[in-house]
């Protein structure tokens, strides 16, 4: 007979070790689909490794990929900490990107030191509004934010297509549904010559640092944690739960919006409907792998970005479908869930007693 | 005004509504079964994808249409089992586990599809379910074309509405599932297995969800496309709340939703020039959100929904 | 009474982590016998019975149950199903009923094989009606349990066991939710059933009912059976000494002249989702140096009253005045600001954020205080120092102030809440079930602190289902029944009991 018992307190080693172990296990499990696809497993892993660390360019590509994931990871981590299930980062990302383009692609002609903050501000504000709506629906009407944020993702994506065929359409775009480019001085400056990695990465690191500090050291973070861990007790203690939720929602939405800003104003320059290959959803995996710790988000975003960049390059070299990356990412989420369980509980075998099995 | 009335009274409109509603009926019934036992299954979106892909591929490989249906159900049950193990005995977050299953099921389906068909420009087609033309009944005025010109899968969906209702309300098993979703201790104290009931309900519910996906590739269309599920699973999660976890209301909710969708397609052809087409595309999702907002306050959630239960910890 | 042995518990032990809940406990039960299992809260009574019924797996020991012929046979442990088949039924203190189902479905649940395609409701109904007629325990079979009163739910629980033809019935604190009169009826029903051969174990910590209704008394203390005595040979002093290990001490309480009013509720009504959180036109006044005791069976509006004073519940009419200040915004923050200290009924659910540290929980009610924060940033050192001081003053023991609050024992959690509340020198204190689930030492500490606050000049509202507690602490008693509050104007148990049942206005 098997019994599940809670552990007194998860050890420090476990809280750090389990995400790492989960990531490794998920990577190892990739061997199964690789074998299914008939690829040489050792070569495939080699190709993946080369795709990340093989050259300076490959490595900076990985950092570029990690940038939006840090933002969406932070968006999920902070919201989940408050038990606010923001599954709408994908939509909020696009809202941010749309606002960035609306402001930055010629509507305002100002020097960079004005335009860049303006683009960021509008992008973040749009993302924040995107999360404020479901939060109001939750606190006012009790509508589950999981479902509303999920559904809003679809609404926003369709709205984006409408905008790209309408007001945000580039007249010089040869009929393609894409926005006009952001003015040169509105773009986030690149970090290295001839590489795509841009200063959005630095902003992401700063955002993670600030989020970590605020979560642990500020009254805002205290309230957020209290509301998330036990909303009833937080309310009983005089904390304004709805207000706290709303402030987290705004920050979470703004971070997701910032992911959109960073992609459009840091990397692509203009907006299309396929700007994000699911960064919003992947952010949830990033946050979970990080144990919902903002500092950890940076590490796990780097890992997930490596998986994507490595698998992309491997799939180009060996003809294995690049959906392998999504597969590894989803498996690492499941692994870290199971891992988190083993950190909190202990499974013990109990010796059968007399009379067992009647 | 006349045009709208004309649409609402036409046979083809209601036939289309029922057709559009069919995958949702499967999905809502599946979600209902899971949630009645106390488990939210956000794996539904991915299970739809997996059911669509697996059912289609089975037929494409020569399993026959009903063989494909069975394969889809089994694949749905498999992903349901993953969610059930993570959330029932392990008691992990139902939200996160469900999203994980959706991501996993989706990426497995896409990976398998791409690996099996690496270089096709247009997806291969299968011979889908045909309309079951029942000789005399289908000539009935109005009802005939609406009801009796549907495929076997739509009939299966309607049959499942009755079956789920019967099981939930008229059998000891259904009563036990209702009890475990309200207060697991009540079931445990009467010597029944909380884990067994919940895992069973989630697995069965997930199989139903997968049939919703299978309908897309085997009846509504004849091939598998990426992104074809397009949020239908999430819509079901909203509809089950709207239906307050009753099979009959779930059917009505899905039908209403189908009718609205069919209506907007027809309206679009009438007034399409005035409004951008995307407004109509958005409508179903916004409608779901509105349905949720309207129903949420008065919703009678299964009391134990989202709450894990561990044996020997009371 | 025959002396046929029907059940024997042999050296059952159970550990939860490092806590020993039961240590080699043995018991015997005979046919037709009523055995009282007596002990303080936390003595291990419920754990022992949960092992018997299969909810818990014992770490050591075995159980033998008599079969139909009276031969003792080993019972498979860890399976409620096995216990039910052996003829053991248990009525849990926290009812195990599905509230969305009616009484009939709850009673029949689990007795029919799950593969059956239909239910035999008519047969089941006939059998239950027979049992009801025979025992005098009645319930409305077609009413959802969620709509039933607590007393009726308990009858459904007992019927559930009897429907399974139990020969041994375990009742866990059956009178905790009943008025004294309802409790008497319950015991007379049980008496009738034992005369027909049913054997009963009932768990209690109330000496009076144990002495009145049992044949045999077994006393548990700290998980060990410390004594067993025939009821005929027992008296209150003897078994109280067994329970506590020493003679009990009355809390000394000096008379005091009440001062100015600190809380005035006038014609307050609360519209709740159900009866249990509804108040109808309630008025009360609490003065300085006064403890107002609110007696009543749970579910009669106590939670609405407590919610009101805590700031969680918004009244639909009437006024609340705390020390001359009319409360207009109903939020816990307002009440805290006006000097109301609140000890919540469910300390795990409302009292602490278990995943946060003890130190953080000690300042959670005053996050605006410049001692705790400046410019929105927490003063970690001050928070730790505050916690160290309070932990010492209030004797909060555990793995340290930086450990998660959920690692503390129930008694220490309550002391932590007391520290948080009393440290702010509140004018008014709401103490909602402040000693529930505490052992006698911790309960005495709570009583001492309440009396101390009263001496200092606080007014106190003490809500308790334990009439003895109300009578021993309160200066004045009011009774709550069905959302209405009436002045008791007496300290007579019998009369207050009738008021609790709504039979005397």
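Residue numbering: from 1, along the chain as shown.
Keep in mind that glycine also has a Cβ here, set from the backbone N, Cα and C atoms.
Automated prediction, rather than curation, is the source of TrEMBL annotations.
What TrEMBL lists as transmembrane segment is A:20-42 (among others).
Residues or ranges marked as transmembrane segment in TrEMBL: A:62-80 (among others).
Sequence annotations record features per position, and here TrEMBL assigns transmembrane segment to A:92-108 (among others).
The transmembrane segment annotation in TrEMBL covers A:114-134 (among others).
According to TrEMBL, the feature transmembrane segment maps to A:146-164 (among others).
As annotated by TrEMBL, transmembrane segment applies to A:197-216 (among others).
Annotated transmembrane segment per TrEMBL: A:245-267 (among others), in sequence order.
Residues 15, 19, 22-23, 27, 47-49, 51-52, 58, 61-63, 65-66, 68-78, 80-81, 87-93, 153, 204-205, 208-209, 211-212, 215, 256, 259, 263, 322, 324-325, 328-330, 332-333, 336-337, 340 of the same chain lie 6+ residues outside the transmembrane segment (A:279-311) yet bring a C-beta within less than 8 angstroms of a C-beta in it. Annotation source TrEMBL lists transmembrane segment at A:279-311 (among others).
Taken from TrEMBL, the feature transmembrane segment covers A:323-343 (among others).
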| field | Interface present between the transmembrane segment (A:20-42) and the transmembrane segment (A:245-267) (three or more C-beta pairs under 8 A) | value | no
| field | Considering the transmembrane segment (A:114-134), which listed stretch of A:20-42, A:62-80, A:146-164, A:197-216, A:323-343 counts the most C-beta pairs under 8 Å | value | A:146-164
| task | With pairs restricted to those 6 or more apart in sequence, evaluate whether the transmembrane segment (A:323-343) and the transmembrane segment (A:20-42) have 3+ C-beta pairs under 8 Å. | result | yes
| remark: Beyond a gap of at least 6 residues from its ends, the CB atoms lying under 8 Å from the transmembrane segment (A:20-42) belong to 289, 300, 303, 307, 318-321, 324, 327-329, 331-332, 334-336, 338-339
